[in-house]
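A.B. asks: First the structure, which I've put down as structure tokens, then a few questions once you've had a look.
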Amino acid sequence: MAATSRGTSPVPPDVRPRLTVLSGPSGVGKSTVVAHMRKVHPEVWLSVSATTRKPRPGERNGVHYFFVDDEEFDKLIANGELLEWAEFAGNRYGTPRRAVLDRLEAGEPVLLEIDLQGARLVRQSMPEAQLVFLAPPGWDELVRRLTGRGTEAPDVIERRLAAAKVELAAEAEFDTTLVNTSVEDVARELLTLMLQASGLRGTDD
Ligand SMILES: Nc1nc2c(ncn2[C@@H]2O[C@H](COP(=O)(O)OP(=O)(O)O)[C@@H](O)[C@H]2O)c(=O)[nH]1
Ligand SMILES: Nc1ncnc2c1ncn2[C@@H]1O[C@H](COP(=O)(O)OP(=O)(O)O)[C@@H](O)[C@H]1O
């Protein structure tokens, strides 16, 4: 089944590459979509965030995240090295500023996968960014995905589901919604949105 696109952002007249932010509730499939993008479209540059969260099995430092301790995260903030950062479900996450700006200056479209608070901060500091909301096909499916992933303890799942309710209520703040029914379809639509927003050609393959 195809991913459903609810609403679209107008294609801007300028041709500057734009930052694209992908956000959505925990368990909706953001990491899965991003992993698929990495595999099928390695040319798309994905920001790697710093986090104080402990790595999950299979997660690699410098690939999925830069895993740092609290002290190192404090330093990143103090030195102004983060474009934005937020606390989410008891851990801190932030986007390294320099790497993102370098890529944008080099003319490459850039993708950030960050939480709602981060998306709002990016909207303030870079109003030209396009904000894409990844929505679940329904609440029950979101619960199933988050529980089925099996990476979090029940209390952490509860915290993430509470955060998910807040995140779902913020959908209207985003330029576009993609419903994650099919990972392949979402990745394709996301790539098209990124290329269109950057004044480059959208693809249908
Ligand atoms: N603000 C912000 N949020 C981030 C960043 N990196 C990841 N996140 C978000 O932090 C939340 C938790 O991420 P994670 O622990 O990897 O869990 P998962 O996304 O549910 O698999 C998600 O909503 C991510 O999108 C970042 O650099 N900044
Ligand atoms: N389109 C989809 N259909 C069914 N399951 C999915 C889909 N996308 C992701 N999932 C599954 O949902 C769970 C949560 O996905 P994940 O990418 O970790 O979410 P997030 O990064 O948004 O927290 C994973 O077990 C993943 O395999």
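The backbone N, Cα and C atoms fix where each Cβ goes, and this holds for glycine too.
Per TrEMBL, ATP binding site is recorded for GLY24, PRO25, SER26, GLY27, VAL28, GLY29, LYS30, SER31. Feature annotation from TrEMBL assigns domain 'Guanylate kinase-like' to 17-195. Here TrEMBL flags 1-27 as region 'Disordered'.
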A.B. asks: Taking ligand 2 as the reference and 6 angstroms as the Cβ limit (strictly under), which binding-site residues among PRO25, VAL28, GLY29 are close?
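C.D. replies: Checked binding-site residues vs ligand 2; flagged VAL28, GLY29.
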A.B. asks: Fewest neighbouring Cβ atoms within 10 Å: which of the binding-site residues SER26, SER31?
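C.D. replies: Least crowded of the binding-site residues SER26, SER31, by Cβ count within 10 Å, is SER31.
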A.B. asks: Under 8 Å Cβ to Cβ from GLY29 (ATP binding site), same chain, six or more residues apart: give me those in sequence order, or none if nothing qualifies.
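C.D. replies: Non-local contacts for GLY29 (ATP binding site): LEU134, PRO136, ARG145, ASN180, VAL183, VAL186.
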A.B. asks: Which of the listed binding-site residues (GLY24, GLY27) has the least company, meaning the fewest other Cβ atoms within 10 Å of its Cβ?
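C.D. replies: Comparing Cβ neighbour counts within 10 Å for the binding-site residues GLY24, GLY27 gives GLY27.
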A.B. asks: Using a 10 Å cut-off, grab the number of neighbouring Cβ atoms around the Cβ of LYS30 (ATP binding site), all chains included.
C.D. replies: 19
A.B. asks: Give, as a single whole number between 0 and 100, the mean pLDDT over the domain 'Guanylate kinase-like' (17-195).
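C.D. replies: Summarising the domain 'Guanylate kinase-like' (17-195) by its mean pLDDT gives 94.
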A.B. asks: Less than 6 Å between Cβ and the nearest atom of ligand 1 is the rule; apply it to the binding-site residues SER26, GLY29, SER31.
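C.D. replies: Correct list: SER26, SER31.
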A.B. asks: Any idea what DSSP makes of SER31 (ATP binding site), helix, strand or coil?
C.D. replies: helix
A.B. asks: Name the secondary structure element type, per DSSP in three states, that contains GLY24 (ATP binding site).
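C.D. replies: GLY24 (ATP binding site) sits in coil per DSSP, no helix or strand.
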A.B. asks: Same chain, not part of GLY24, PRO25, SER26, GLY27, VAL28, GLY29, LYS30, SER31: whose C-beta falls within 8 angstroms of the C-beta centre of the ATP site? Give them in sequence order.
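C.D. replies: Leaving out the recorded residues gives LEU134, PRO136, LEU142, ARG145, LEU146, ASN180.
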A.B. asks: So what sits near VAL28 (ATP binding site) in its own chain, CB-to-CB under 8 Å and at least six residues off in sequence?
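C.D. replies: Result: LEU134, ALA135, PRO136, LEU142, ARG145, ALA164, ASN180.
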A.B. asks: Within 10 angstroms of the C-beta of PRO25 (ATP binding site), what count of other C-beta atoms is obtained when all protein chains are considered?
C.D. replies: 27
